[in-house]
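Participant: So TrEMBL has the following annotated:
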BINDING   R66, G127, D150, F194  S-adenosyl-L-methionine binding site
BINDING   E195, E198, H199  Mg(2+) binding site
Amino acid sequence: MSSIIIRNQPVNRQFQHVARSLPQWFIRHKSTAASPEEIKHFQELAPTWWDTNGSQRILHKMNLARLDFIRNTLNKTVKITDPNTFIPGYNYKEFLPESISHTIAKEWNQSLTKELEKRQYNVLDIGCGGGILSESMARQPFVKQVLGIDLTPDCISVAKMHAKSDPELKGKVEYREVALEDLKQKDYDIITCFEMLEHVDRPGDILEQAWRRLKPDGLLFLSTINRDLISWFTTIFMGETVLKIVPSGTHHLSKYINSSEIEEWFQEKHPRDHKLLDLKGTMYVPTQGWVEHDCARIGNYFMAVKKLH
């Protein structure tokens, strides 16, 4: 449920072939990547963006799952070089006392964090909305700076105002009302695109523009929703109509994107310079929040893709 970051523009010639070579969903029949209706919808949501009990409460809960997915993926890219860190070659939790297992896990996480802190990532958050993820990323000890971009003016205003309430964020997070294709910087370590692709008319353009701004060895994190009956039932019928925990009109089944279709896009456009690092399904359980699972072909999902040299 993020906002929009590609402004209205004519179709660029370099993307025209995508309509012929990929499924029709990926280049829809409209000639622009963002619709006024979507921007208006998020403009109306902006005032309640940081109300954890308001219209964005599900998004606030999902943010915790986003951070876990990002951190777990980053952990897999780290090599522990400290000889004093014990690295068990088996599932130690099943064989060792809980107190010892806890100590091992704590030391392991501390070593991972120490290695990540050396990297100091520059992060781009596409479709940042009111800044929920941008702020959370800026607070991570391994992040140097975050830029959140969006085309919804009120969302950017809300994000800037909220960031001012925390002095520790000064110099670590910046927000701009700018279209992705107008962003000059092209050397980000991490680019995030969460709950946004299902709100634009040309998701292929978003992916291509994001990919161009990612460093070699950089990571693209994204999430969206599979186009299936279960997704319609959970997100639109139950979420918007019955339980009303998601603002009405937020989602449209025709804009949902299957995880396999994004994988096909990368195989078609960037067959040699990408690697799928992780793909997880995620679902909202009222008593537990957002829960990660291995069935990424239904409902919501998270994806992490690495840019190869």
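Yeah, the Cβs are placed from backbone N, Cα and C, and that goes for glycine too.
Where in this structure would I find these features, and how exposed are they?
Facilitator: Annotation for R66 (S-adenosyl-L-methionine binding site): spatial neighbours L133, S136, T192, F194, F221, S223, F302, criterion Cβ-Cβ under 8 Å with sequence separation of six or more.
E195 (Mg(2+) binding site) carries neither a helix nor a strand DSSP state and counts as coil.
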Participant: Among the binding-site residues D150, E195, E198, which residue has the largest number of other Cβ atoms within 10 Å of its own Cβ?
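Facilitator: Counting every other Cβ within 10 Å of each candidate, the maximum falls on D150.
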Participant: What is the interatomic distance between the Cα atoms of D150 (S-adenosyl-L-methionine binding site) and E195 (Mg(2+) binding site), given in whole Å?
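Facilitator: Here the two Cα atoms lie 13 Å apart.
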Participant: Just checking a number: largest C-alpha distance across R66, G127, D150, F194 for the S-adenosyl-L-methionine site, rounded to a whole Å.
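Facilitator: If we measure all Cα pairs in R66, G127, D150, F194, the largest is 19 Å.
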Participant: Return the residue, from the listed binding-site residues G127, F194, H199, with the maximum count of other C-beta atoms within 10 angstroms of its C-beta.
Facilitator: G127
Participant: Measure from the CA atom of E198 (Mg(2+) binding site) to the CA atom of G127 (S-adenosyl-L-methionine binding site) and give the result in Å, rounded to a whole number.
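Facilitator: With distance taken Cα to Cα, E198 (Mg(2+) binding site) is 11 Å from G127 (S-adenosyl-L-methionine binding site).
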